[in-house]
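Only one structure is covered here, and it is reproduced in the block below.
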Amino acid sequence: MTEDDARALMTARFGSARVERIAAFLGMVVAENDQQNLIAPSTIDRIWVRHALDSAQLMFHVEQSAGSWLDIGTGGGFPGMIVALLFDGKVTMAEPRKKRAMFLQACVDHLGIANADVVASKVEAVSGRYDIISARAVASVEKLLQAAAPCAKPDTRWILPRGRIEPEQLTALRRQRDRVFHVEHSLTDPDSAILIVDRHKGRAS
């Protein structure tokens, strides 16, 4: 997939106005990358595929247009900032590194994203409960589900982009009998996947 293909796909799905705002954000990321390593320099030439569409594809697995969304460990803004520019509900980005959190807040202010909040902390310090929870760069799904459990509702959907999903991770998830999960293929990387975790129907938390 080319950069033009990625941008065209996003425009067809989300409209040109939203994609123009995403383009403005990507410009801010590239400019800031000289000051702090938000994304790998080798991915700048593929920023629409590797970061923008890679984040936007999470929206394809959302069954609602509003509600509340928590993105854990937003880093340089992926997927949280892209989600905030596409999702109609409230988006909270939790990023413990203060310099990155300051950058995210500057982007929110500059782009006028009224539905976005930045919390400069780890997920354990985040308050509230959310309809959707995402996390792009988390080593252990089990640990994430445990750490962020206070932020989840009984029917929260977890959307977790992963690299390669190892068999032992799936085995560990199967032990959690109160949840069901399935794996979706990534649009941007044949070696990556998106893990979708839902509460088992008929079981309360």
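Placed from the backbone N, Cα and C atoms, the Cβ positions cover glycine too.
Here TrEMBL flags Gly73, Phe78, Val123, Glu124, Arg136 as S-adenosyl-L-methionine binding site.
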Give me the largest Cα to Cα distance among Gly73, Phe78, Val123, Glu124, Arg136, the residues the record lists as binding S-adenosyl-L-methionine, in Å as a whole number. 20
Cβ neighbour count (within 10 Å, all chains shown) around Arg136 (S-adenosyl-L-methionine binding site): 21
Note down the number of other Cβ atoms within 10 Å of the Cβ of Glu124 (S-adenosyl-L-methionine binding site), including every protein chain shown. 11
Within 10 Å of the Cβ of Gly73 (S-adenosyl-L-methionine binding site), how many other Cβ atoms are there? 19
Have a look at the binding-site residues (Phe78, Val123) and report the one with the fewest Cβ neighbours inside 10 Å. Val123
